[in-house]
Every structure is written in C-alpha cells, then in structure tokens.
Amino acid sequence: MSANKKTLVLKVGGALMQCEMGLARLMASAANIIKSGQSVILVHGGGCLVDEQLKANGMETVKLDGLRVTPEEQVPIVVGALAGTSNKILQASAIKAGITSVGMSLCDGAIVNGSIKDEQLGFVGEVSPNDPTYLNFLLAQGWMPIVSSIAVDDAGNLLNVNADQAATVIAKLVEGQLVLLSDVSGVLDGKGQLIKTLDKAHADELTKLGVIEKGMKVKVEAALEVAQWMGQPVQVASWRDAEQLSALEKGESIGTQVMPH
C-alpha cells in the first residue's frame, strides 16, 4: 500500500447490514479504494441485529445517553450478534466484492486496552490505543480488517464498546482518515438540513438545544475527539452515498466535515 496515503477507517452501523444493495455499494467502493493503493479498515457495530436478538430472547434494549446498557445476562447475545453474525455478514459481502478481508475484534493482537466504562452501563467498555503492529501487518498484506466493537479487559470480561468510539481508537492507532457512516447524510440542523462543517462550539450549542442527541451525540463527540487529536477533519456521512467515498481521495468533503478546534 502507498505510504503517502492515509489508511481510510470507515465505521458502519447495523442498519447497513439490513440493506443488501447499500452493503454491496459500500464494498464496491472499498474495493476500488484498495485497488487505488489506499488501505481500508472497516469498524462496525450491529445495533439493529442486537435489538432483534435481545427481543427474540425476551430481553429489553435500554440506552443511556445514546449508549447501550449491557447487563451480564445480555453479554453472550451482544457478543454473538456483533463479533459473530454482523462481522461475518460484512466479511461475506467483502469476499463477494473481491476484497481479501480479516474478520476480527478489538480483542485481537493487543491492539487496544479495554476497561469497564461506567458501572451503570454494565459490561460496556472504553478502549485506548495500545499496539498497531497486528493491524499494520494485515494492511501490509493488502488485506482489509473488519473489526467488531467487542473488547476484553484485563480481568477477562467481554465488553461491548460503542462502535463510533471504537473507530476513533482504530483511527488513532493507524493515524488514519476517519469517516463515520450512518443512515443519514451527516449531522442535520433543527430543520433537517445538512450541516456542511461543524466545530466544537457549534456542536455544543446544538447539543444544548437538543438538536444533536442520543446516537448522533456520541458520533459527533467521537468525531471531535479524533479531529482534535489528529489535527484534521473527520467526516460524518451516509453509507447510502458510498460512491462518494472516492471523493475523499481528492481531499473533497462528503457529508458533514467535523473540524479540529
């Protein structure tokens, strides 16, 4: 892979996995980007699938400030849905698009350090960058890592990590270009219009007004953190417009550009 092109770190959500056409488009774009000489890492959640599995097992989905509460009895279901089914759905789609991929989680290769985020959230983790060696090895082979947001702490507890937060840590690890993809075109204002550029002051104002809330609040906070840490913009965009990803190679913005402050 070209040394002068930053690795593209794409975060995708669970809704994408329920849209076969959207998934195929995303993988076709990823394949083209890899062929052009740029490495790609896919980091994923799988909230919709987790919700379905919990419901099928007679369990409730509870969220606190946009983060999923994960009590101990739900851990096997969450891990199975994310590190298992969701990861393999994405890998199958990658193979179909001609991409050589490696399905993995945050536990692999000591890439991150994991710990319990907040006792109120149960087995929800927060992670920090540790060692990029394993990821760099995979990228050097021209392979695309597909990373589920399941981590392990030093005590051996399986932890559910918010996928936006997981993607920020992966982007830091490889010093990559982060794009957070969701099912909306970017960050929207109170009238539902796309905000082209967003800085911390504007984000804080919209959060106070309740315009940015729940899952988007977590996403914007993650984007601001990486933008500031790396001194470069982070994109929040829609996976429905996956063809636009090639525009990033030319330095063009897609969706909302979250700026360092």
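Keep in mind that glycine also has a Cβ here, set from the backbone N, Cα and C atoms.
A quick note: this is a predicted structure, and the numbers were derived from the prediction, not measured.
The substrate binding site annotation in Swiss-Prot covers Gly46, Gly47, Arg68, Asn160 and rests on sequence analysis. Marked as site 'Transition state stabilizer' by Swiss-Prot on the basis of sequence analysis: Lys11, Lys219.
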Does DSSP give Gly46 (substrate binding site) helix, strand or coil?
coil
From recorded positions Lys11, Gly46, Gly47, Arg68, Asn160, the one whose Cα lies nearest Lys219 (site 'Transition state stabilizer'):
Lys11
Give the helix, strand or coil assignment DSSP yields for Lys219 (site 'Transition state stabilizer').
helix
Looking only at C-alpha atoms, tell me how far Asn160 (substrate binding site) is from Lys11 (site 'Transition state stabilizer'), rounded to the nearest Å.
16
Using a 10 Å cut-off on CB atoms, tell me which of the binding-site residues Gly46, Gly47 is the least crowded.
Gly47
Pop the Cα-Cα gap between Lys11 (site 'Transition state stabilizer') and Gly46 (substrate binding site) into the table, whole Å please.
11
Just to confirm: which same-chain residues, 6+ apart in sequence, have a Cβ under 8 Å from the Cβ of Lys11 (site 'Transition state stabilizer')?
Leu42, Val43, His44, Gly45, Ala163, Asp164, Ala166, Ala167, Leu178, Val179, Leu180, Leu181
With every protein chain in view, what's the tally of Cβ atoms within 10 Å of the Cβ of Asn160 (substrate binding site), excluding that atom itself?
29
